[in-house]
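Swiss-Prot has this to say about the protein:
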| type | residues | note |
| --- | --- | --- |
| BINDING | Y5, N42, D69, G110, L111, H112, G113, V114, G115, I116, K334 | ATP binding site |
| BINDING | E418, D490 | Mg(2+) 1 binding site |
| BINDING | D490, D492 | Mg(2+) 2 binding site |
| DOMAIN | 412-525 | domain 'Toprim' |
| SITE | K443 | site 'Interaction with DNA' |
| SITE | N446 | site 'Interaction with DNA' |
| SITE | H497 | site 'Interaction with DNA' |
| SITE | R615 | site 'Interaction with DNA' |
Amino acid sequence: MTQTYNADAIEVLTGLEPVRRRPGMYTDTTRPNHLGQEVIDNSVDEALAGHAKRVDVILHADQSLEVIDDGRGMPVDIHPEEGVPAVELILCRLHAGGKFSNKNYQFSGGLHGVGISVVNALSKRVEVTVRRDGQVYNIAFENGEKVQDLQVVGTCGKRNTGTSVHFWPDESFFDSPRFSVSRLMHVLKAKAVLCPGVEITFKDEVNNSEQRWCYQDGLNDYLGEAVNGLPTLPEKPFIGNFNGETEAVDWALLWLPEGGELLTESYVNLIPTMQGGTHVNGLRQGLLDAMREFCEYRNILPRGVKLSAEDIWDRCAYVLSVKMQDPQFAGQTKERLSSRQCAAFVSGVVKDAFSLWLNQNVQAAEQLAEMAIASAQRRLRAAKKVVRKKLTSGPALPGKLADCTAQDLNRTELFLVEGDSAGGSAKQARDREYQAIMPLKGKILNTWEVSSDEVLASQEVHDISVAIGIDPDSDDLSQLRYGKICILADADSDGLHIATLLCALFVRHFRALVKNGHVYVALPPLYRIDLGKEVYYALTEEEKAGVLEQLKRKKGKPNVQRFKGLGEMNPMQLRETTLDPNTRRLVQLTISDEDDQRTNAMMDMLLAKKRSEDRRNWLQEKGDLADLDV
């Protein structure tokens, strides 16, 4: 590590180099499936805009993937500012694309102009063939660099247009170089469902199989297939749609009163949102509001019973498709929608449609209401049972714990908050129904070398154990009180130290919680940036620089505030940045069987008292990677 830090030490990454250096920031590096999805999304965007009727996908025997569409064809003319063919610009330059405005596509899944260029950056070779204006063009790239100029290789009919992208993923960037065929087929089938009338084919040359999908009544047919043979309520799915100038929503849903595997899929501009988001929240809220209104109007709600979202949502199977301009996603992989206005839009549309349906189908509606009321009554009985058990047999909960009222492990969350002042703000900012808060005083004990029999001697550890309902070193999670246990510490070095000690506690003494995916670390922002009435939050210096760069195009001077700790945030800011599921950032603490030994070795080196020499050597070797507050 060099001792001098001057202008020579500053690196500027250009072209596709940022992607090749940090591929995990741009795609899922488990398998190359996400690269395939990016190319498929481009072709489907053409279908969504009404310019394509067919998309063909071929998985070749050498694990390369080819996607062919009959859309307009990528532009091949020279870009007026950059002086290179547009197709070359699209593949070689991050943030170059035709989907930033609404001139070319009303709705699209491409937002940042990085999708196809990421495919190019992480592939050994990419070949693009464009049919446009009666000519066939070809261009090729290797390792993100152009190796063959755009050239005309043939002619075709004027109406014969489209694009073919054939790419060979670079296995050095992925845990496994092989495509998951089942996931690929699931994505393609979903695209066909969401684009009624568009034909999508998949040819698998590895397993010698072919598949074709084309749905005329997309969502209804798809949901009906998924629950075929199971008793449903109603018999035929409740379907609806609404199309506005800048937003559109389609849905199909039904309930499985006797249980069964639920299909729960959501999409934004045909992009699958595996983790849901604001559109799914809006669907749930709209159904709840309509059902509450129906029950109150018909006076069928027993005294003391109030329906909650989980009562109407518990056995609901649904497919939801939202189309909107400028959607905001949590992360580049677009697995969760965070656009706040979408929740209100979907909720309002669904509430009106479901209210109408309930009053037009009274018999089925009353059966649904009975099912929801029975769920609410079970929930109330379970809550009373839990309270009675606490008073008679179990240890009293810690006094500083501000508990929640819900019991559903799919929703309940416990936040372990650094400091009393931040704990007070968090108690005001939380949703009392499903979020519990427990403040911690200072740094907890380093428990890495403490036996599980002795660890409860620490009052803080004892309180955490009682609050979550699990004994140290126990694999029995039947008494677990919260589905998510979230570590919430300051974004500075002290906060990171506390978060590390808490992670060590869970990895060493509550390993079953970690292995079952119950432990999370919240990522509070370090900066708040204000420009007029617009507010932005940044987690790191790099994010702050990115936001400021983006704001240069707007009038006014941005005001930057650095949070010294969680205690500096008011309850509204704390809710928006760290507690609200729609806008916060959580990182799940996970340990796979393969990583077990490696995780133990790393934690032991960092936390064991006898390993000080190893720590010093590690710091000398890796110290230049540290992000320090100086």
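Cβ from N, Cα, C; glycine included.
R615 (site 'Interaction with DNA') sits 40 Å from G115 (ATP binding site), taking the CA atoms of both as reference points.
In the three-state DSSP reading, R615 (site 'Interaction with DNA') counts as helix. The DSSP breakdown of the domain 'Toprim' (412-525) into helical (H, G, I), extended (E, B) and coil residues amounts to 45 helix, 21 strand, 48 coil.
Packing around K443 (site 'Interaction with DNA') is summarised by its Cβ count: 15 other Cβ atoms lie within 10 angstroms of its Cβ, all protein chains included. Distance from the CA of K443 (site 'Interaction with DNA') to the CA of D490 (Mg(2+) 1 binding site) is 12 Å. Taking K443 (site 'Interaction with DNA') as the reference point, the binding-site residues whose C-alpha atoms are within 10 Å of its C-alpha, out of D69, G115, E418, D492, are E418.
Between the binding-site residues D69, D490, D492, D69 has the most other Cβ atoms inside 10 Å of its own Cβ, all protein chains included.
Sequence-distant neighbours of N446 (site 'Interaction with DNA') (same chain, 6+ residues apart, CB-CB distance under 8 A): L501, A504, L607. Averaged over the domain 'Toprim' (412-525), the predicted model reaches a pLDDT of 86.
In terms of C-alpha distance, the listed recorded positions E418, D492, H497 place D492 closest to D69 (ATP binding site). Geometry remark: E418 (Mg(2+) 1 binding site) versus G115 (ATP binding site), CA distance 39 Å. Secondary structure at G115 (ATP binding site), as computed by DSSP, is helix.
Around the Cβ of E418 (Mg(2+) 1 binding site), the number of neighbouring Cβ atoms within 10 Å comes to 27.
All protein chains considered, the CB of R615 (site 'Interaction with DNA') has 13 other CB atoms within 10 Å.
In the three-state DSSP scheme, D69 (ATP binding site) falls into the strand class.
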